């Protein structure tokens, strides 16, 4: 503070010439920065004062004040020009001047410098109130408090004056403001007073309304009075009429009117201010009166405000007096006064006059007049905002992801779609619902849609269930919106580089999810067709967010919001609010919409929301409604300061977000311009942004007449007003993404936001394609004049240098909600260019499946090929520190991009990649630290870590300070390599090694490595003991240093030496003893490092002799570079003193197990660790080898245990590897290698073993130098979990109100025409055809005459059973149909039907008139030339499709030429075998069967109808046979290939298995579960002759299974092959169980399982993690036939429930007398019988059926379970469920159960 400075602070009664709103915006923006803490407090207090005062208004006045959250809301032009605007001017001016005053000081960060006596305050009119707040303050903090009370007084004064004045003269009816004061120049006060007196007299003016002088000086006079009276006065007086006069901006009424106000008025204003701060406050600074120019005499605040109030209301302003008072104050008081300063708020005529007067009066002084502007600071940029609170923060969007129509499954594809101006309009795909039945443009069909159009995402059902820990059943039942919310949330988090817990802002407890969703199509339609366990968690909206939180383990809030069409952006707004409120630190937000339900189409259409003509025609004159769309989008949002601290990529910044409601609209669905504008103002005020600065708006833009008109009005009025107009360079561009991708409803807002974010990234506004004809005439006509319009072509949107672009995103809800988001550019990031010391970098990739890992590697390789400039360091940072890691892993350490590409290609080119890659274990392997001895010492050890990692450096320096305080030399020069390259003293050597090792151990802990045990080699044992907590770090350093001193003092250097010998201790002794010259040489074993690595010590000469002797025997020997022979007798002189020193040291139990090389054991307690231990460890042998063996013997170590060598060079690592060759060993440092590269490689090894290093710490020291790369997203291992809507029940329910019963959906669909209809394929229910893919769903009725006849042609157990040839024909039918849909000009389609697997036989119902539907789903992919097929049962009443398929297959579309070549090579072999069979039949060695005989043999299992009996004769020789075949000429229906023809040429294999003497057909029958392939070179011909040949053989992997190839020949040529057709042996007693007709058409139990059904052991473990108590048996005499699926046998039996719902198992039921013989107590005889029966049926010995033997291990699968349950019933009379063998998984549990219940 300059004591020689005289100062005046002048508070004007006029606003600065700047834009008032902009000044307040800047104040508001600065107040959110922690630099301006007091400014923020003042503005908040002032706002609170105004709200308090307004709350006291009477209702009529209160209604004139709009709601406001800050003063900024009251500065709008509309309000200031309103009825109360003028009255508020005084308080607004007070707030402005005080805010600028406070902000000036805070911007300069200067101390309070207003000193009483040296500083004086002055002001005019209302400005004196602001000055009064400063006069009452002794600090800037005081001004923030007193200022709010000054605002209160000014507010009350302004309102009071306005109220009194309006009683004198009413305001203009049109709202025009009139001035209450005029200024007259070039006249004296007396002459003006004479004219006014004459006017008042002549017009007989009442005293209250007279015109009077309110202010005067030498050059001007202010005349005040009611506006009309002033006008009349100037017209009445010729002198005034022709004088120079101007109206003043005084609109609030009359002040300075002694005739109007009395002391009671003043008391009412001042004394009712209800201040709690000011009564006891005294005046600190002189404040000059604007009437007298002298300081007010008041001593207290209340006195001061009364004086000021009196002057403002009754006193006249004399500016000359004010000027004189200022000049007098500035007169030099002493010779030390060097300058004068006048602080003001900009300049004005009054202020210039004061400046002139001061300069004139002080012109003779050799001093300087300083003019300081208190406004200029407000426009300065103070750098990045440092938010004062969460609410003051800007927000950063750091990640995003999407699934949008038009194939926009990622952001690049979405942008490409926008940039190309594509329209994604299409008709409703068949997989959603059938337009043939649900579309009626006339509107006559109830519940039908009147529009067929929409915009749909590709593959909505595809999902990686395994990744998200969901079973296929749960995934299928889970709403695709929820699934894709999970997927896009992950992708957005991945893009953002979020690793939960990496930083404080990403701690799982501080992450929340916010999603908008406005429909429940999947739950209400698709999943409701078969309500299952997962109906609620899979369909209820709350679970969408909850599932994200649960999967990622986020414990922040989880909100699912429905605000209709604005849901997505409203969810973002709520997320922003949560961030501003401090409820979360990271938010994931988005919108969800997947359309499936035709009901919603119908409802929206009937409400006239939807266009009947197509896409959303935004701003088009023909706009007729919106077009529906799918959409899923997710964004990740943080507070800006957190995003910058986390080194995130910031896509854009959110300045403000708000949602309001159109409460005043004409109807609930009609938009309201006023509400929209209010919302814009709220957002702009929240951010302190000028609407003119906004240059892009993404409209809600639905393409409705009302919506477009209202939004165009609201947008133009706020962002492009008529005045002030936008400059030519301030073009406002508009866009509407709905014209491209339709209206995504709940996802619409998030789609708009994603587009806006991409616009920021690409610096380009995509073309608007919504205007198809001409612009809508309801749009304002003057938009172009306002410089606003749609971007009709791709328009560059460059970022101005040094500035930020502003954009707005709108989203409105049909219910009346309006949500608006205000965005700005991300801060320009200047990447710190450091010196890249890291030469080697770790690149990591991971996945949850092998397929995904491979795809991730391929995508990264592709990315690198396309971006060869990629920084390896950035790539390493991104793939390690900024990724969530999974159990399938790839990792490598490389030094260049080309090296990485080579490593990736090497892995991808490996044909065994899939088999070699293995998931890391769920439980990471243990890690052991091995601390080396001093032999690894060298200068500069650990230097790279010391330089690069502050944490490591701090640890070394901390330990070094301890060493120095203990009196030892500093080791830092050794590590820095700043010491001379000369041999170091033992003290420095040993301390350096130990300190380095302790620091390294702590560094490994920092990197997230948990230690399981430690082992130290010689000197390294001190570090190991310190790290394990046995001794303190200081004690370890002390003992090592003192030991080294003792060695130097007591032991002679060079007298002894140590020799490392590559041989065992025994071998050395034997070799030395064998030679006379060495037999008596004395030496000691210092170390047994491994079984073949020994260190000996002794006198130097003797050790040299030993070395020569051993080397002569070709034994590798090395003299160690140590000055002493440790662990020998040379150490004896120090032992006593060392032990004495150690006895003073406290020893504690190890916190980490210590592996002792001295004791060759693992130490867990403190008993063995003491001073004596250290003495012995110094003197005795280091038996490292025995210690390692002990760890193995004790189970502490196995082949997977990780070993980290902690020391300057990996010596212990080599020893461990010698002892355990398979052990993974790593290094911390390595001589002549960059230590950072060494650590990096070790971390990769740990990572690949299953540990999760803390990569964030590894990159933390230089994180600012790295950039997060936007790499290709995770590649999902997806499966289609789509449940199609079957039938027309949404239409049929309309009949219920008429009392009519709707027909079943299936029968309705059967009656409709279909593009594909054959005898087996009856109706297409869904069809989607895209460029390279196609999907088809069909439905068929097995009771249809054609189908039923085909089934009854193949009967088993007197039941019609569908033969595999039926599935073959259906597959070929849909295969050719779909292929021709994609490749229409194909001449012939050749199909290879592969991987046919029939899990459950289909038995025709015997109920007449029943419906027995089945569904076939097919998906063709041209890129792989393959088509997958699945068959499902469906419910005959509801059309509900079963959750699981009963049969599957794959068709490969192949070149028949390859078949022909393949078969040509085989033909001679097959023909040769046929000839052999013929010859053996002729010789009587094989059986020749006639047609009747052959089919009679077949009747053992199957009875064929005549049309199926194509074999004319058969030659059968055990498991080999050939047949002559003639096909019946009749097709008997419409087929691709008639089943009776397929069966005729192929069922020879069935005859071999069921008719050959080689098969036990008495006890067993054989059925086929499928084949590997079925190919026909040409279509079978009616009446044609063929030959079939087959040779069956047992399959080694399954003794119950046979397989073989059936060759079909025409002449000498093979024309077809059924490859590896399989037959399973089934006990004949299960015939009834498998082949009985269903009694119901429910999908819950359509048919029994086919004998070929199998379940793997691991499937059992997955499906039944916990088993309930087994159900007791029911002992009955008659069999109970189960109709459950085979898979049901593997499910736990439900507990018996009581009527009250109790799930406690019931007691066994009472049995009938006939049953009672078996119902009594069961002795061990029953157990024995059960075990013998089981042994017989499984082929095992009874001895193998031990109590702990599991049925899985014994090979008791689902089929064997059925056999055993039947045998138990038939032979033992005990009825048990086959699931018993799952519920009781071991023999012991089963026998215990039998004892309990049998």
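Residue positions begin at 1 at the first shown residue.
Using N, Cα and C of the backbone, Cβ positions are placed for all residues, glycine too.
According to Swiss-Prot, the features are:
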{"type": "REGION", "residues": "25-256", "note": "region 'N-terminal acylcarrier protein transacylase domain (SAT)'"}
{"type": "DOMAIN", "residues": "392-825", "note": "domain 'Ketosynthase family 3 (KS3)'"}
{"type": "ACT_SITE", "residues": "565", "note": "active site, for beta-ketoacyl synthase activity"}
{"type": "ACT_SITE", "residues": "700", "note": "active site, for beta-ketoacyl synthase activity"}
{"type": "ACT_SITE", "residues": "743", "note": "active site, for beta-ketoacyl synthase activity"}
{"type": "DOMAIN", "residues": "1322-1632", "note": "domain 'PKS/mFAS DH'"}
{"type": "REGION", "residues": "1322-1458", "note": "region 'N-terminal hotdog fold'"}
{"type": "ACT_SITE", "residues": "1354", "note": "active site, proton acceptor"}
{"type": "REGION", "residues": "1390-1628", "note": "region 'Product template (PT) domain'"}
{"type": "REGION", "residues": "1486-1632", "note": "region 'C-terminal hotdog fold'"}
{"type": "ACT_SITE", "residues": "1543", "note": "active site, proton donor"}
{"type": "REGION", "residues": "1695-1721", "note": "region 'Disordered'"}
{"type": "DOMAIN", "residues": "1721-1798", "note": "domain 'Carrier'"}
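Annotated features taken from Swiss-Prot, shown on the structure.
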residue	record	Cβ within 10 Å
565	active site, for beta-ketoacyl synthase activity	30
700	active site, for beta-ketoacyl synthase activity	31
743	active site, for beta-ketoacyl synthase activity	32
1354	active site, proton acceptor	24
1543	active site, proton donor	27
Segment-level pLDDT (mean, integer) for the region 'Product template (PT) domain' (1390-1628): 92
Of 743, 1354, 1543, i.e. the active-site residues, those within 10 Å of residue 700 (active site, for beta-ketoacyl synthase activity) when Cα atoms are compared: 743
Pairwise CA distance, residue 565 (active site, for beta-ketoacyl synthase activity) versus residue 743 (active site, for beta-ketoacyl synthase activity), rounded so that it is a whole Å: 8
Within the region 'N-terminal hotdog fold' (1322-1458), residues counted as helix, strand or coil by DSSP: 30 helix, 57 strand, 50 coil
Integer Cα-Cα distance in angstrom, residue 1354 (active site, proton acceptor) to residue 743 (active site, for beta-ketoacyl synthase activity): 54
Rounded to the nearest Å - Cα separation of residue 743 (active site, for beta-ketoacyl synthase activity) and residue 1543 (active site, proton donor): 53
For the domain 'Carrier' (1721-1798), the number of residues DSSP places in helix, strand and coil: 48 helix, 2 strand, 28 coil
For the region 'C-terminal hotdog fold' (1486-1632), residues assigned helix / strand / coil by DSSP: 32 helix, 72 strand, 43 coil
Where residue 700 (active site, for beta-ketoacyl synthase activity) falls in three-state DSSP terms: coil
Where residue 743 (active site, for beta-ketoacyl synthase activity) falls in three-state DSSP terms: strand
